[in-house]
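Colleague: Annotated [4Fe-4S] cluster 1 binding site per Swiss-Prot: C12, C48, C81, in sequence order, evidence recorded as sequence analysis. The [4Fe-4S] cluster 2 binding site annotation in Swiss-Prot covers C157, C161, C164. Residues or ranges marked as domain 'MTTase N-terminal' by Swiss-Prot on the basis of sequence analysis: 3-118. Positions annotated as domain 'Radical SAM core' by Swiss-Prot: 143-370. Positions annotated as domain 'TRAM' by Swiss-Prot, on the basis of sequence analysis: 373-437.
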Amino acid sequence: MDKKFYITTLGCPKNIADSMSMHHSLLEEGFTLASLPEESDFHFINTCTFIQSATEETIQTILSAAQVKKQNHQKLVVVGCFAERYPDNIHSEIPEVDLFFGTGKYSQAGKILREKFPELSPSQLEFNDSLLERWKLSSKIENYSKPYAYVKVSDGCNRGCSFCIIPSFRGKFVESPLDDILRDTNRAIRAGAKEICLVSQDTVYYGRDSEILLDMVRKVAEIDSLEILRLLYLYPDKKTEKLIRLMGETSKIAPYLESPLQHVSSKILKVMNRTGESSYFKDLFSLAREVKPGLEIRTSFIIGYPGEEPEDVDQILRFIEDTRPEKVNLFSYSPQEGTKGAQLKQTVSEKEKSKRINLIRDSHLEILEEIHESRIGRTYDAIVDGIEDGQVVVRRFQDAPEMDEVVYVDDVSLIPGRIGKVRIDSFYEYDMNGTWV
């Protein structure tokens, strides 16, 4: 009997990479992918608990899935960060969950199911197709049909940012062996990916040594059939400078810098236990644009951290005005139990956090409108992601999948994965309309 699984993934691209690892493990054990959660025998929910809103979304998703389970006689499996952080709560408060496991067992998902449910004998699972053929078949369903894939280069983090709960359940930094990174990259490419996004909690920490990090990136970029290599989550430090210079030397690396600054006030950065200062960040962004023409920048800021005052917010506003990053993500600080930040006196009200976020967002939107205006009539290297509401979704190399702007075009003859050029014709607040040329 063919046993099917479905994976609901919450949170960031790192979770998507973990879901892909779980996906492959289940295929190896003979399971197949269902088109919808209600059609599955095993519904996996890969959870997120980075901030309070993510935790709330996770809980609501699990409860909704529990209702579906009652109607479809399926097993509900909760995995990842929430399961690692709150195992006792899941066990006592959500009895509908049949199985849960934490962040270190994604690649063992298939074997874990067999052990937990002995009735899943080999005779009940289909092994008629080769693993690669099953992967390609399942790639036609859900996330794996996309022309991009995420490959994790490490897990965990050693930075010790005072606002971050991740090390408490992801653990210390552990890098993936280079052979595993190359294997996962080649596997994704064989399944149809044209673009590989390297992800981790802290990509530039890889190898501890700059040359080891650069060598890893070079070797991935050297894979013949890889079209685009995108580097995500680059902590702003000296190793990132060297990585930026490599971007300028390597045509396959996308013209894109994602470096989450979290703040620019030296006072707040110190309380956050992060390094750097506004002038250094400006130099880093300038270097990136200098060595990689056409590069665009994505960064993020945490607003309302304990001790933040209006003048600290003004520093962010001035920084954005001076550096004009194309993509800015803003988080309202929420204290996480078990972090040093949660032990501090919470000095900024939720109302004030919202006010500050709106102020920064409005300021950046004015800049973004000017940036959009400058894009009109220009052509960009781009990749076709898929079709949405009858329009083809195209993404410039300057935009990361699932996070940044897209370009809508009317040419329905375009197929996912095609690479070419798109001309920008008009824009919305964030996304754009264009013509494939």
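Positions of Cβ are set from backbone N, Cα and C atoms, glycine also.
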Colleague: Nearest to C48 ([4Fe-4S] cluster 1 binding site) by Cα distance: which of the binding-site residues C157, C161, C164 is it?
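Modeller: Closest by Cα: C164.
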Colleague: List the Cα distance (Å, whole number) between C157 ([4Fe-4S] cluster 2 binding site) and C12 ([4Fe-4S] cluster 1 binding site).
Modeller: 16
Colleague: What is the total of other Cβ atoms whose distance to the Cβ of C12 ([4Fe-4S] cluster 1 binding site) is within 10 Å?
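Modeller: Looking across every protein chain shown, the total is 19.
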Colleague: DSSP-wise, what's the residue breakdown of the domain 'TRAM' (373-437) into helix, strand and coil?
Modeller: 3 helix, 33 strand, 29 coil
Colleague: Have a look at the binding-site residues (C81, C164) and report the one with the fewest Cβ neighbours inside 10 Å.
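Modeller: Looking at the binding-site residues C81, C164, the Cβ with the fewest others within 10 Å is that of C164.
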Colleague: Translate the DSSP assignment of C157 ([4Fe-4S] cluster 2 binding site) into the three-state scheme.
Modeller: coil
Colleague: Within 10 Å of the Cβ of C48 ([4Fe-4S] cluster 1 binding site), how many other Cβ atoms can be counted across all chains shown?
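Modeller: Neighbour count, Cβ to Cβ under the 10 Å cut-off: 20.
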Colleague: So for C157 ([4Fe-4S] cluster 2 binding site), how many other CB atoms are inside 10 Å of its CB?
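Modeller: Taking all protein chains shown, C157 ([4Fe-4S] cluster 2 binding site) has 21 Cβ neighbours within 10 Å.
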Colleague: Hey, for the [4Fe-4S] cluster 2 site built from C157, C161, C164, who else sits with CB inside 8 A of the CB center?
Modeller: R159, G160, F163, I166, P167, Q201
Colleague: Measuring Cα to Cα, how many angstrom lie between C12 ([4Fe-4S] cluster 1 binding site) and C164 ([4Fe-4S] cluster 2 binding site)?
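Modeller: So the alpha carbons of C12 ([4Fe-4S] cluster 1 binding site) and C164 ([4Fe-4S] cluster 2 binding site) sit roughly 15 Å from each other.
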Colleague: To the nearest Å, how far is the Cα of C161 ([4Fe-4S] cluster 2 binding site) from the Cα of C81 ([4Fe-4S] cluster 1 binding site)?
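Modeller: Computed Cα spacing between C161 ([4Fe-4S] cluster 2 binding site) and C81 ([4Fe-4S] cluster 1 binding site) is 18 Å.
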Colleague: Need the DSSP three-state call for C48 ([4Fe-4S] cluster 1 binding site) to compare against my parser.
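Modeller: For C48 ([4Fe-4S] cluster 1 binding site) - judged by DSSP and reduced to three states - the answer is coil.
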